[in-house]
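Below is one structure, written out as structure tokens; comments come after it.
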């Protein structure tokens, strides 16, 4: 599933084609994805101007001139693809099978935005812009990890006394929004913390020290265009590149990259997810 860096990369890729532009025509090719589309969605989108594109956790919101926002969740395999206009040097057209094109937005200026989702775990909804934060998918989310509300004091307070593994705590979207399996593995490696260690056992310094590392990993991943492991592509069809710099994720059996460490990257399963770590470096 695309995590925060991938969703932010897609948002940035959509901006040149969508922000400030009119939706000349919207087409909806099926009744639902993970959930039913809102009634008359194509009709309600057609003629609307996209005022801005923003991201909340792993969701993209397109604020529209009529006072509503189009909420987009990519799910497991969803892609927002830009085609029909040469918008940049790295434009790659439409690489996905068209039979999975579920929503198409013909934009003012000639660009076509296609929501392509082979597995159909994605979602789109329309919500009043002023009430967007109250949407059931957004209302339960914690602070953004790149925002000012997420700081060392906040995280230390949320982890204090918790008897869940630190990895599970960081994946809890109520504590911090947008983190997923890949980036939590990478953060914990840089922090020297074992994924199975209880969150409440961290010292205040250890808890506070996670915040700059979370930001560091996320910003590096955004700069690299995210991580392409299975279905993820940027809006122009380009692959992300952060997977080439993974230090532990997906490296089971390979040597630890820490200078002087003789350890080997291991894998354990926590709540059905693979956790990659160095048993020597991470305590």
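Glycine residues also receive a Cβ, built from the backbone N, Cα and C atoms like all the rest.
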Kindly point out which candidate in 100, 135 is recorded by Swiss-Prot as part of the DNA site with 119, 162.
100
The annotated zinc finger range in Swiss-Prot, which must be one of 210-246, 247-283:
247-283
Helix, strand or coil at residue 273 (active site, proton donor) [DSSP, three-state]:
strand
Roughly how many Å lie between the Cα atoms of residue 119 (DNA binding site) and residue 2 (active site, schiff-base intermediate with DNA), rounded to a whole value?
14
Among the recorded positions 2, 100, 273, which residue has the largest number of other Cβ atoms within 10 Å of its own Cβ?
2
Sort residue 100 (DNA binding site) into helix, strand or coil using the DSSP assignment.
helix
